[in-house]
């Protein structure tokens, strides 16, 4: 009786907001009789069912008609959308380009959702203030109204203040208290503080370091970094081993570095290369007139905002719910059979050029019927992720810094949560909000982790997220109006030792016969917006170069 | 009581579907089901009252609400468990229980208000009372189900009792915030629910023949309880004022809880004071100094002004000063809190204070978030008065940012001026100068000044315009001012060394420098 009455109380008092929430795929509920029994929501996986159609392409219907385009882009993540935008900028007409996306909407790892309370990210959720030398990226940001001008005196870009992350930006829950910033300070012994200081001094130095080839030791995009052996050899050993050798052994520093690697790569310091571990810090060279290099740009929808801008900056069609399969050579180029999950029809799309903006494991399947030379295998370590969007009536706060944009709990498996309402300009602080909790399922064997992730129930995910968050927010469970879960079976590439500077990555990015081009962050080894953008640009330009060669 | 002849209810054989053996629904059963509805409503309201009171008196609403609900539900569980030990005449138990719930629940709010100031361990009393109410409420439904056991088939019984229980809960959760609290206040809501419980007891007592043997004795208790609740209901106003007065020294003459804040008006022989969430907003004894200083230095420089925007200032006192300029044609006032602006449009005493300014046909009152409104509005104003609360948290801090001032600049007509209330340059020196520097960074000419308001201390303002064409004696001042003259304005522009300019950061959305200054500057004064 009491538990059912409590359930009713929450439904009755808070249900108003709950009812307005947009209905999403498959409503799941938490275990009845548990403290979570009032919680329900959706459980998504990056369209696993559709993706897995590719395992048995023979079962898909034969094409009923044929279309012709100049360039077909397979995959609507950041790389694919950027390629689409770049092709338009380079002069291709809308009807000459077609993008097919397996999911019901484009965005890839930068997808976003929305309910009656707020928009919220399902994956990537910020862009660090960019290196001003990244002119192409800056041009995109200017076109999107994110970059609003240039300071006459310093020549530095000025960013839209409503998009620069508002203060307070980050906090860390450590020893029962929220401290400012994510680098552990509270209760850290002096010897470890000295290590932290030494590490960040080294990073400052590496940030300035230039190789003998005149290139920065660490730079975004990765391909702009120096090829010097002295830096490249860092890619041969695990970050953790390198840290041990350098005497960076303090538990707080190591937690922080593990957190950072898990945050960007989905894998801890033991699984990524020292080059990648250092790149995370030393490649951040953002400068702006009204922000510093540590600042980030963010939106309630996270990088879903950037995806929307990319989409809006080109006119060519995007065909969602569409699986491309059976790519094959034709006398005039290539053709892909494209199966639409909604209409259950297959269309053959003939194209002079195809850009594969897909992760390597998809690319491999799609190109199976082309000659072996078309695809150079790129084995990628890819951790699964789980993202939980919690719509809460309130967020009971512990002592210390108030709710910030990024909120991390020291010593936990997750990488914390972001507050989707952080950039709000409203005075009414109270009331429902959405927070997005991220957890990479880092394991030495991602295959096993992925299997386990797909078997974990909705209730288990919500239980795990709340069990962790309750340690910092006592009573949060009762405040949850809705919990929506996304299981990313194939999260993103982890720059394992030898990946970034190894031969496979470079080979996999090479076009084939002026017909087949590749664009994906797998080809960078680092899955961040800037790399996806760079990959898309590079592939689009290669396509154009190939076309002009063909014409000549 | 074992001697009382009670109709024994027959329990259907376990597992047997014996609809025929079950008594048909009679009007007494309907009465009892109706009482489930009342009981459920009252039960939830007691819980909401305790939660609201705890968060109001102890702060940290989320924690208080969570722990109160938890404790209450746990106590209900104990009550449900204890119900097994009640035997004999269940109806008699039920009637006694309802009278007891009516008294304990009904007097819970007035009691908590009364003891708050006098008892050191208020929390203990709060939870004891919540626990007691919870136990009693927890007994109700199991007891009623047992009384109704023989009157319905088990599946119907469960279905009906719980249906009424949950509908009652829904009703409570809606009427409590929407009707009861705004109309009656917490104390009278509590007493009213207590009376409803006693009425349920009364109906049971006089409608069931089984109660005849104890009607007289219990009837007396029932009437006495109802009378006590009614008397308390009559005195609730005075009680509320008395209890608030304990916290506010002077006599509390009005309180109101809006969705955004708690308004309390106090009065003594000399002055009327308004507190928002316990912070003094103005004292009628010297508010003229503040509002004259806020309005006239900027207005005297704009003799051609026609349109004015006031941000904040829902008390209408700045508007009162503005209306002394007959050339003004239109004033927009944007204040988040409709509860505040309505109070200052309707309360007689406050209308006398603000000269009915918010009812003036030239004035349009808009209840909206100021930042959003400034960004979305497209009109221009000759003068903008910015009278926000001090930048005590990150949400308000955004209303003092360079980005906000740039948005504000879009609303300013050519040649127009704005003025910004900018906390105390004496207590919060860096905060004050941070506001001035931020206005400059946003492209304004910033002219800081300050005045002395006895109930606040030294208070600061910053004039902000696109040019430097401002003079302290540009135009005529309205007659009848008590503080501001051209000489006063000149004097207000002078900053003695202990308040003079200090270097500060610019307050940006991405650094919130002002909130940090403000916290540090005021910290020593509040803790």
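The first residue you see is number 1, and the count goes up from there.
Just so you know, glycine gets a Cβ as well, placed from its N, Cα and C.
Note that the coordinates shown come from a computational prediction; the quantities given were computed from them, not determined experimentally.
Among the features that TrEMBL reports, active site, proton acceptor is placed at B:387. Within 10 Å of the Cβ of residue B:387 (active site, proton acceptor) there are 22 other Cβ atoms, across all protein chains. Secondary structure at residue B:387 (active site, proton acceptor), taken from DSSP and collapsed to helix, strand or coil, is strand.
Residue density at residue B:369 (S-methyl-5'-thioadenosine binding site): 18 other Cβ atoms are found within 10 A of its Cβ, drawing on all protein chains shown. Annotated S-methyl-5'-thioadenosine binding site per TrEMBL: B:261, B:335, B:369, B:370, in sequence order.
Residue B:291 (spermidine binding site) carries a helical DSSP state (H, G or I). Per TrEMBL, spermidine binding site is recorded for B:291, B:315.
Per TrEMBL, domain 'PABS' is recorded for B:233-466.
Residues annotated as transmembrane segment in TrEMBL: B:31-56 (among others).
Long-range contacts of the transmembrane segment (B:62-82) within its own chain (CB-CB distance under 8 A, at least 6 residues past either end) are made by residues 43, 46-47, 50-51, 54-55, 126-127, 130-142. Annotated transmembrane segment per TrEMBL: B:62-82 (among others), in sequence order.
Among the features that TrEMBL reports, transmembrane segment is placed at B:94-116 (among others). Using a Cβ-Cβ cut-off under 8 Å and counting only residues 6 or more beyond its ends in the same chain, the transmembrane segment (B:94-116) has close neighbours at 39, 42-43, 46, 49-50, 53, 57, 122, 125-126, 129, 132-133, 136-137, 139-140, 143-144, 147, 186-187, 189-198, 200-201, 204-205, 211, 218, 221-222, 225, 228-229, 232, 236, 239-240, 243, 246.
Residues annotated as transmembrane segment in TrEMBL: B:122-145 (among others).
Long-range contacts of the transmembrane segment (B:157-180) within the same chain, counting only residues at least 6 positions beyond its ends with a Cβ under 8 Å from a Cβ of the stretch, are 33-34, 36-45, 48, 141, 144-145, 148-149, 151, 189, 192. Look at TrEMBL and you will find B:157-180 (among others) tagged as transmembrane segment.
Listed by sequence, the residues of this chain that lie at least six past the ends of the transmembrane segment (B:186-206) yet keep a Cβ under 8 A from its Cβ atoms are 31-32, 35, 38-39, 41-42, 45-46, 49, 52-53, 91, 94-99, 101-103, 105-110, 113, 176, 180, 215, 218-219, 222, 225-226, 229-230, 232-233, 236, 239-240. Annotation comment: TrEMBL describes B:186-206 (among others) as transmembrane segment.
Here TrEMBL flags B:218-236 (among others) as transmembrane segment. Residues 92, 95-96, 99, 102-103, 106-107, 110, 185, 187-188, 191-192, 194-195, 198-199, 201-202, 205, 211 of the same chain sit 6 or more residues outside the transmembrane segment (B:218-236) yet have a Cβ under 8 Å from a Cβ within it.
Around residue B:370 (S-methyl-5'-thioadenosine binding site), the same-chain residues six or more apart in sequence whose CB sits under 8 Å from its CB are B:311, B:312, B:334, B:336, B:388, B:399, listed in sequence order. You'll find the Cα of residue B:291 (spermidine binding site) roughly 22 Å from the Cα of residue B:261 (S-methyl-5'-thioadenosine binding site). Looking at the residues that bind S-methyl-5'-thioadenosine per the record, B:261, B:335, B:369, B:370, the two CA atoms farthest apart are separated by 16 Å. When secondary structure is read from DSSP and collapsed to three states, residue B:370 (S-methyl-5'-thioadenosine binding site) falls in the helix class. Proximity to chain A, taken as a Cβ less than 8 Å from one of its Cβ atoms, holds for B:369, B:370 among the recorded positions B:291, B:315, B:335, B:369, B:370, B:387.
Averaged over the domain 'PABS' (B:233-466), the predicted model reaches a pLDDT of 90. Under a cutoff of 8 A between CB atoms, and with a sequence separation of 6+ in the same chain, the neighbours of residue B:335 (S-methyl-5'-thioadenosine binding site) are B:311, B:312, B:313, B:314, B:341, B:365, B:366, B:367. Within the set of recorded positions B:261, B:369, B:387, the entry lying nearest in space to residue B:315 (spermidine binding site) is B:387 (CA atoms).
Around the Cβ of residue B:261 (S-methyl-5'-thioadenosine binding site), the number of neighbouring Cβ atoms within 10 Å comes to 18. Cα to Cα, residue B:261 (S-methyl-5'-thioadenosine binding site) and residue B:387 (active site, proton acceptor) are separated by 17 Å. Put simply, residue B:369 (S-methyl-5'-thioadenosine binding site) is 13 Å from residue B:387 (active site, proton acceptor) when counted between their Cα atoms.
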